[in-house]
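According to Swiss-Prot:
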type	residues	note
BINDING	12-18, 40-42, Arg302, 328-330, 408-410	GTP binding site
BINDING	Asp13, Gly40	Mg(2+) binding site
BINDING	Asp13, Glu14, Gly15, Lys16, Asn38, Ala39, Gly40, His41, Thr129, Arg143, Gln221, Thr236, Arg300	IMP binding site
ACT_SITE	Asp13	active site, proton acceptor
ACT_SITE	His41	active site, proton donor
BINDING	Ala296, Val297, Thr298, Gly299, Arg300, Glu301, Arg302	substrate binding site
Amino acid sequence: MKVDVLLGLQWGDEGKGKVVDVLTPRYDVVARFQGGPNAGHTLEFEGQKYVLRSIPSGIFQGNKVNIIGNGVVLDPALFKAEAEALEASGHPLKERLHISKKAHLILPTHRILDAAYEAAKGDAKVGTTGKGIGPTYTDKVSRNGVRVGDILHNFEEVYGKAKARHEQILKSLNYEYDITELEKQWLEGIEYLKQFHLVDSEHEINNLLKSGKSVLCEGAQGTMLDVDFGSYPFVTSSNTICAGACTGLGIGPNKIGNVYGIMKAYCTRVGAGPFPTELFDETGKKIRDLGHEYGAVTGRERRCGWIDLVALKYSIMVNGVTQLIMMKSDVLDDFETIKACVAYKVNGEEIDYFPYDISEGLEPVYAELPGWKTDMTKMTSEDEFPEEFNAYVTFLEEQLETPIKIVSVGPDRGQTIERYTEE
């Protein structure tokens, strides 16, 4: 068996949580391979809205194994709150959620360091979520991290050394803080974590594949936030692309099957950083309001703009995407004209590729298509799609040279329409 990978192609918030929940009935296992509680997946299930930060979205399917891989960074306090809320709403976890012992822990001092570093940057700040993600990955790469497996052996010693090291850094930054309540909740989270299956997930997932089980790998955030291929330095601290599934779960590249790339019918971004198609007018505000574009974790307003096909082509290339999934098509139901960026203009020269630096002097070149002016939220089949919407989809497929297999026309899992485009 091979694993299929589901990931975002833009700046995150593409709707991965809903899609993975729609796809999970086809798989035996759902595995999260990177990121931390900075990324929130919003799902609607049986009339209730859930935001998952660390737990894989397959948790709503009662018979699935869910794995948090080694590439994930885990905050025990936030994990405990998330897990307890799910269990209270009738979704038991302890037998179905397996956590890699090699996953790194976000410490209370990582969160303090995150705030201190951002404060020190002033106007040059990246706009982090303040969840300690960057400092945790920094410790991981510098071989100073604390891993989930450490809570089983010599934990107080390992944690004490890491905490002391962080306190020295904070002292040098002259940053005032009070860790008391954060640490109390965190230590309670550590005890809670011990109740779960802590596993060598690389062995588990490969053994599951050998036994014929089907696996869906779930990414967080989006390709344009990848630490290597995103709009650096305004990126996250992990590899969000398909290759991250290999390093974040311990599977070989030859085990990758389908790569599902998720995109919105338009584009959004949270926080600082370049965004070529960003709209600062009433159109951008209209997209934000109709799409309810506010961060699932932070509540921050998302910046909104037209779809960027130059960036999407780049994302499809670096991920090896085999099928596209387009989310929030219904948000554009009320527009007379839809725009799509097909090139960039830099210093008067038109380019159709994603450049090294997109931060300054870049102007989007748009193609315009007629809007469909139809309520798509009640549609259940592609046969009901208006002619103008079909034309928009066909245009995107031709530009991106990749089939759009699934179209979402609303937030509920039932508002998901599969297409049968010939490959």
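All residue numbers here begin at 1 and follow the chain in the order shown.
Placed from the backbone N, Cα and C atoms, the Cβ positions cover glycine too.
When the binding-site residues Asp13, Gln221, Arg302 are screened for a C-alpha within 10 angstroms of the C-alpha of Thr42 (GTP binding site), the residues that qualify, in sequence order, are Asp13. Annotation note: Thr42 (GTP binding site) sits in a strand segment as assigned by DSSP. Listed binding-site residues near Asp13 (Mg(2+) binding site): Gln221, Arg302 (candidates Thr129, Gln221, Arg302, Ser329; Cα-Cα distance within 10 Å).
Comparing local CB density within 10 A for the binding-site residues Gly12, Gly15, Gly299, the maximum falls on Gly12. For Arg300 (IMP binding site), the spatially nearest entry among the binding-site residues Gly15, Lys18, Ser329 is Gly15, judged by CA separation.
Checked against Gly299 (substrate binding site) by C-alpha proximity, the binding-site residues Gly15, Lys18, Ser329, Val409 yield Gly15 as the nearest. For the pair formed by Val409 (GTP binding site) and Asn38 (IMP binding site), distance between Cα atoms is given as 26 Å, rounded to the nearest Å.
Ser329 (GTP binding site) sits 17 Å from Arg302 (substrate binding site), taking the CA atoms of both as reference points.
Under the three-state DSSP scheme, Lys18 (GTP binding site) falls in the helix class.
The Cα atom of Gln221 (IMP binding site) lies nearest to that of Gly12, taking the binding-site residues Gly12, Gly15, Glu301, Arg302 as the candidates. Highest local Cβ density among the binding-site residues Asn38, Thr129 belongs to Asn38, counted as other Cβ atoms within 10 Å over all protein chains shown. Comparing the binding-site residues Lys18, Arg300, Arg302 on other C-beta atoms within 10 angstroms of each C-beta gives the minimum for Arg300. Counting neighbouring Cβ atoms within 10 Å of each of the binding-site residues (Thr42, Ser329), the lowest count belongs to Thr42. Just so you know, of the binding-site residues Asp13, Glu301, the Cβ with the fewest other Cβ atoms around it within 10 Å is the one at Glu301. Cα of Lys18 (GTP binding site) to Cα of Asn38 (IMP binding site): a span of 18 Å.
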